[in-house]
Structure formats: structure tokens, C-alpha cells
Amino acid sequence: MSSESPTDRASRRTRILSNHLTTSDLQVGGNSLQSNICLSYSPPELHEKIEFEVRKMRELLDVHNLRDRDWLFGLMMQSKLFNPQEKGGKVFVMPDFNHTKEQQREMTMKRIEYLLERGVFDGWLTTRGPETEMRKFAFMETLGIFDQSLAIKIGVHFFLWGGAIQFFGTKRHHDKWLRDTETYRIKGCFAMTELGHGSNVRGIETVATYDPKTDEFVITTPCESAQKYWIGGAANHATHTVVFSQLNINGRNQGVHAFIVQLRDFDGNICPNIRIADCGHKIGLNGVDNGRIWFDNVRIPRENLLNSVADVTPDGQYKSAIQDPDQRFAAFLAPLTSGRVTISLSAIYSAQIGLAIAIRYALSRRAFSFVPNEPEVLLLDYPSHQRRLLPLVAKTYAMTCAGNYLKKMYVKRTPESNKTIHVVSSGFKAVLTWHNMRTLQECREACGGQGLKTENQVGHLKGEYDVQSTFEGDNNVLMQQVSKALLGEFIAAKKKNKPFKGLGLEYMNEHWPVIPSQLTSDILRSSNFQITALRLRERDLLNRFAAEMSQHQSNGVNKEYAFALGYQLAEDLGRAFSDRIIFETFLNDEGTVSTGPMKDAVGKLRSLYALTCMEEDAAFLRYGYLSTEKAAAVRAEVAKLCSELRPHALGLVSSFGVPSAFLSPIAFNWIDSNAWSSSSA
């Protein structure tokens, strides 16, 4: 070819182009290449078989107040306030992501007023009992499925401000504030976090000094780092707040206490000696008006001290039934438990939305083919796509059951169970919110370019839920709190030579668990093997953590610094504890399911959850709980379970019970929703 003249080369190229232009039917391998037929949308319901009752599976997941949830879904779908939009022949309700933060905030308040007028909040603060609390949880979960800003705004008002009045206040506060809070005559917020102190609440710098001459407390922001920061509701709407301050009595600091302070009058004017600034635009939750607050010697009546834990007499005497300052401080953190519970639950419902969208899309979107000239393959028929999404479905099922367990524990709480609730809610808040963010990212990628569109929810949810990893407690700090509590139980049991009791550690009174020498498929799917492996990890990590702390302290390191040095084992132990509790709750719920297709599906999900925990945590290899050969067997079984759960995929995400209007266009007819006729241009 190198000897070909320029003229010959030009002639040859002309003949080739001529053949392309004049040949009407090009033969390749005996087959004619013809124009492809345009793609059409095929609903998954037409080709996917659901072998169990979706309603029954939803009952396993949602457990309580299903009618109340569906009523509230309907209430939102009825109103134009919830931004209904028609796409691809279906109506979707979705947040106003094209609006400014100012518009989003005002729309959030209008939605709250709409819900208030229709009785959604009746009894939330003025009626007590487990039934009322479970109904409140159900409504919060449902509202969060529509818009996390709406749920957060309501949660701050009822769970934080209202919860502080309930827990920290006494009858005089309940009578004065709760009814007006429930009717939104008063709009409350919760001023704990400061610019200089977030997780370290004990170190906050706002000061409350008692003045016996006037029978008042004087609230002061002594420096810029003491400004209250990220206070939801403060920037625009809150009329009152609970302020956490260091209490100064006669020159002596009595520690952190809570006070009621009015921020605005009922016309919305900011009160004297108070300065409020906006926190600005955020990566998510712009429907919540986060603000900053400075107090310039603000005087409040002595009665505004929330005094269930401690009080101050008119002559300035400090009184408390809890003499230990550490125990007294712990009592002031009680409302944060409800916050961690609601955050954990909302994270799981967010993961459900992401998975429902991504899996429905993967059951209708096709790409490439396994055989030439054959139809393209559904995304979820690729083993790699199954491997990306189905373990996350299994985790979401397990964590949904764990969230229900946490709710029940919380509404039945007693003084004796408060410590357990604190530890479990801390662990769950960290693990469940981390899981949600990972799930949303995987779902975003699994939806390809469509996942980038805000209307398709998944990418938008990432920004809305990102904050969950740090508010109401930084996840890494919470994991350390879990490990510190476990270490305390370990040391107490060893010192007193008494059996372990509490936090589910009773299994540590038995012989060390042993992993079988051979891991067959049947053994890997055995709940006995799975709980053995998860307990072995937790038990060994706790022993290692205790030994490391002891070694540091024997070398002269103080207790707190020793704990800081042991952060790696602390986080590993916190996750091991949380994984084990989640597994046990899932296993217990599986036991309530009757034999049949649903039980088979739940059993596979339980196995996939447990084996995924083993595969993902390097501790199983690092400390020799599994050999490399056994770890390989676990990995192979995970892939096999994904393949077996593939036929159940539609049924599993349909059982989340999220109405189609609260999903997104790509979960349904993504071709029509992107058609020219659907364009707003």
C-alpha cells in the first residue's frame, strides 16, 4: 500500500465512497443491517413476577399506622402546595428545587400551615402514650419522604423545642408552652450548637448569670465563637428558643442548663438585645431557615429556667436532686435521643426512595446485548448491576427492621432503659446515615446521566441528607461514644466478676464462638453461623479495645487521651455492635413471617445482609475471623444470593410502600417524560 500513487489512492477512496452511497442493502454475515426500531417503555410489572404479597411485606417494614401514612400521602397529593407536576403521563409531587432559598422557606411554612389546619399535629405535645408517639413517628417518616426540609422544620419545632419543654420543663412550663407550640402560635427552635462548639456541648460559651435583685437571668454571648450557629428556624420564623448556656450563680459555674428566650414578637420583629443573621445558602435543606444568634445581656424571668433537673431559688440558691455534675449533664442531653431516632428513621426512608427509583429504572432500561443482533439486556440482568444494588436493598431491609426496634424501645422508655437507648440510637444514627449516603451515591451512578437530573430525586437527596452525618452528633464521635459505653460494661463485669447484662452482651457469658472449618453454602446461609461470626467480631474487638486502653494507661497516658489514641478500634467496635444489633432485629422479624415465598425472600435478604457485613469489613481478615479461602467463599455466596434475589427485585422495592407520586419520572415511563411534548421549553 505504501507504493500506491496519490492518483490511485484517490481513485480507490472514490470507489469506496460510491459503494457506500449507492448500495441499498449491505450484507454482513448474511444479514441485512436495517434501521433500529425506536425504543419503547415497558413497565416492569408486565414482565416481572411478584411471588409474595406486597401488602404483607410492607406490613413487615412499616409495621404501624399504615392507614395514617396513606392518609397523609393522599393529603399531600391533593394540594397544589406540594408542587404536583405531570411527567410521562403520571403526576409527581416534589420539592421546589428551582426556587430560591427564600421561596423554599416560605413554601415550607405554608405547607406546615396546611397540615396544621387538617389536624396532622393534633396531640403531638398535649397527648401522651405510645400510640400517640408511634403515630407521630409515622407522620414524620411520611413527610420526610416528600421533603426533608419540611420534616426537619417540623422536627425542630416539635421534637427539639417541644421535647425540651417536655423533658427539661415542669408543670408550669408544660401549661404555658405546650398547647401554643402544638398550634404553632409559638414557633420554637433549639439553640445548642455554637460557632466554636458542636459535638462538645459541655464546652459551650454562652453564659446565663442570675441576678437576685431582679429575679432574672441575664443571657450573654461573650465572644464571637459563642454565637449560636445552625439554629433551624431562627433566621426567619422562630418566636422562641431554648438556649443552652453555662449557668453562673454567685461567680460559680454550675454547668450547662436550658432557658426559654423570646426571639421575636408575634408580628415577627426581633426582640431587643438580640441579633439574628442567616447562615446562608446550603448544599441542601434550603427550606429550613438556619440562623445565627447573639444575646446582648438579654434578661429573662427566673421561671424561664427549665427546671426538671435543677432550679434556682429567688435568693440565688442552686438546687438539684442530681448531685453528680456528670450525671446532671447527661440528663440535659436527653432530647438529642429523639433527634437521633428520627434521623435514623429518615435515613432509611431516603435509601428506600433511592433504591425504588434505581431498581425500577434498571428493570426498564436496557444496554448492549449478550448475543449479536439480539435485544439489549435489562440493566438489572447484568450480574454487576445486581451486585451494586441488591446488597443495599438487603441492608435497607435489615435497617428498616432495626429502626422499628429503636422506635419501640424509645416509646417504651424507662429511666433504666435510657442508657441503652442512648447507645443504640448513637450507633444506629451513624450506621444508618452512612448507609443512606452510600446508597444514594450508588443509585445515582446506577441511573447514569438521568441520575443527575434533580427531578429524578436521587442526586437531589444526596444534598438534602448529607448533613445527617454530622448534625445531632458527628457520626465518628457517636461511634466512639458507643465504644466507650461498651468498654464501661466490659470493665464493670470484669471488676465485679459478674456476668454481662445489657446492650445485648449476654452472649459474652458463654464460650467463645467458633467459625466452622468448612463454609458450605448451607452453612453460610445459616443464621447460626451468621450470628456467630458477627458476635465473634464484636467480642474480639471489645477485648482488643479494652487491652489497648489498659496498655496506654499503664504507660502513663490519661484515660481520655488513651481513648483518643484508640480511635480505630473504637470505630470498628461501634460498627460491629451496630451490625450485630441490626442483624438480631432482622432475624427476630424474619421469625414472625409464615413459611412461603415471602419467608424465602426475607431469609435470602437476611443472609445477604450478614454476608455483606462480613465481606465489607476488613476486620474479618485483619484479625483472622475468616481465612482468605473463607472470605472468598463469602464473596462467592454474596454474588449467588444477588442472582437469586433478582426475580424478587420489583416486589422488594414495591413493598417499601412509597406511592408512585413520591418517586420520580425515571422510575416509570422515562421515554415519555423526556419527550418533546413533556418539555416545558
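The backbone N, Cα and C atoms fix where each Cβ goes, and this holds for glycine too.
Note on GLU472 (active site, proton acceptor): other Cβ atoms within 10 Å of its Cβ, all shown chains, come to 27. Among the features that TrEMBL reports, active site, proton acceptor is placed at GLU472.
What TrEMBL lists as FAD binding site is THR193, GLY232.
Per TrEMBL, domain 'Acyl-CoA oxidase/dehydrogenase middle' is recorded for 189-298.
The domain 'Acyl-CoA oxidase C-alpha1' annotation in TrEMBL covers 336-487.
Per TrEMBL, the feature domain 'Acyl-CoA oxidase C-terminal' maps to 530-663. Summarising model confidence by region, the domain 'Acyl-CoA oxidase C-terminal' (530-663) averages a pLDDT of 96.
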Residues near GLY232 (FAD binding site) in space but at least six apart in sequence (CB under 8 A): ILE152, LYS153, VAL156, LEU160, CYS189, PHE190, VAL288, ASP289, ASN290
DSSP residue counts for the domain 'Acyl-CoA oxidase C-terminal' (530-663), split into helix, strand and coil: 110 helix, 0 strand, 24 coil
Spatial separation of GLU472 (active site, proton acceptor) from THR193 (FAD binding site) - C-alpha basis, Å: 9
All-chain count of other Cβ atoms within 10 Å of THR193 (FAD binding site): 20
